[in-house]
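Colleague: In case it's useful when we look at the structure, here is the feature table from Swiss-Prot:
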- 11-31: transmembrane segment (TRANSMEM)
- 54-74: transmembrane segment (TRANSMEM)
- 79-99: transmembrane segment (TRANSMEM)
- 154-174: transmembrane segment (TRANSMEM)
- 176-221: region 'COPI vesicle-binding' (REGION)
Amino acid sequence: MRSSLLTLPKSFLGFMPLYLAVEIVLGISILNKCSGAYGILALFTGHPLDFMQWIAYLWSVFTLIVFSQGLYLIHKPNLLVFSQICVLYTIDTISTCFFTLWFTTQWFTLEDTANIDGNNALQSNPISTGKLTERGIDISKQSATESYEYTMTILITLVSLIFRFYFNFILASFVQELLHHPKYLVDRDDVEQNLKNKPIWKRLWAKSQKGCYKLCKNLLE
């Protein structure tokens, strides 16, 4: 048996068993992905969604289904299912970094535009000098508050991403443990035999799981 390409944690924070850690990780992820299902409800309220929001919300709904399946099977783990979860969680981590960067950039751009518009309006209004000075003080305080908000937003985002990557390693470690346990080994011939008379969407889903299993086996075993 060749060694894994990765050195992964064998417990959560050094004391919690992997299966409990995976249960926590999936539970947190499911709660997080519920925001995607909630975002889709914007269709019924008439709130406009741009293309990136559509992608983010639809992906959240899809991963919500996959992660829920894993949470249901955590005490009777299936290697195919958890291989798929591990790969999708990794893709989700990468996409989360991308969407975080995208939406944060959009937010900062809107805030800067609003500040510029406010300053232009202030300069163009014929108001008294006393009011102008008072307004200038308010803008200075507002700028300091916004700088603090930006710093805290970036800090919280970075901490969240660090935990996200750690959760990813926990899932990979759990799949690695399943790969090393004979009880959970997958017989590919049996899988193919069971799929012959299944609907096409089930066959495609099973092929996706098999592809994820092969990838995890190559990287983690």
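From the backbone N, Cα and C atoms, a Cβ is placed for every residue, glycine too.
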Colleague: Please report, as numbers and ranges, the same-chain residues at least 6 past the borders of the transmembrane segment (11-31) whose CB is under 8 Å from any CB of it.
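Modeller: Answer is 63-64, 67-68, 70-71, 74-75, 77, 85, 89, 92, 167, 170-171, 173-174, 177.
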Colleague: What average pLDDT does the predicted model assign to the region 'COPI vesicle-binding' (176-221)?
Modeller: 80
